[in-house]
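Per Swiss-Prot, the features are as follows:
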type	residues	note
ACT_SITE	D156	active site
ACT_SITE	D175	active site
REGION	1-20	region 'Disordered'
REGION	196-223	region 'Disordered'
TRANSMEM	32-52	transmembrane segment
TRANSMEM	65-85	transmembrane segment
TRANSMEM	91-111	transmembrane segment
TRANSMEM	116-136	transmembrane segment
TRANSMEM	173-193	transmembrane segment
Amino acid sequence: MNSAKVNPSGHAPTPAPTASQGAAFPANRYALFFGLAIAGGALDLWSKEAIFRWRGLPGTQDVYWIIEGYFGIETAVNIGAVFGLGAGQGLVFAAISVFAAAAIIAWLFFFKAARSCWLTFALGCITGGIIGNLYDRLGFWWKPGLPDQWQSGVRDWILWQASDQWKWPNFNIADSLLVTGAIMLLVQSFFFPPPPHGEADGNELPGRRAPDEPTEGTKPAAS
């Protein structure tokens, strides 16, 4: 039987909060985050293995154009960070990736940031990208006979260019997940205010009023 708090003013009693209302965040946030992270990382690793098996190592075949002159498939090994930045620091970026993944999990589930569905989705994408690239940075794909500098390099295969003079560095699905998550975080910071403490936002739009919340100027029903 549900208990209710008696309002001294004589207005309708306020129902006691249920267990789900008192929870820090919905339990399905675990499934959302870890599902995205694992699926994203697995898709990235599968795609890299399949493309490199099909197209070979960098420099062995010409570009396979999907949209001639603009978008295609070309294998490459990136020994830097995202889009080739920081070349030669693969192990440093691997250490940063491990720290970032641990910090994300702590932020979501220990500091309760998982109250936000949007934020959970964004960080799930980022973690999936971290997993995909971390596997390569730790050298799990590398085999004896390959160049030593590739041992902490990341396999890339997506080619996009606006023209022959303007070519974007090759990237992969993990990079795409990282960028998608980063864009979502920017959108979150500009358009989605954080939910009140202890309240999960679910799929609520910013500023949306809860169904039982009285509007300004209305009075509660008398008992």
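The backbone N, Cα and C atoms fix where each Cβ goes, and this holds for glycine too.
Packing against the transmembrane segment (32-52) from elsewhere in the chain are residues 73, 75, 108, 114, 117, 120-121, 123-125, 127-133, 135-136, 141, 155, 157, 172-174, 177: each is 6 or more residues past its ends and has a CB under 8 Å from a CB in it. Taken residue by residue with DSSP, D175 (active site) is part of a helix. For the active-site residues D156, D175, the largest tally of other C-beta atoms within 10 A is found at D156. Between the alpha carbons (Cα) of D175 (active site) and D156 (active site) lies a span of roughly 9 Å.
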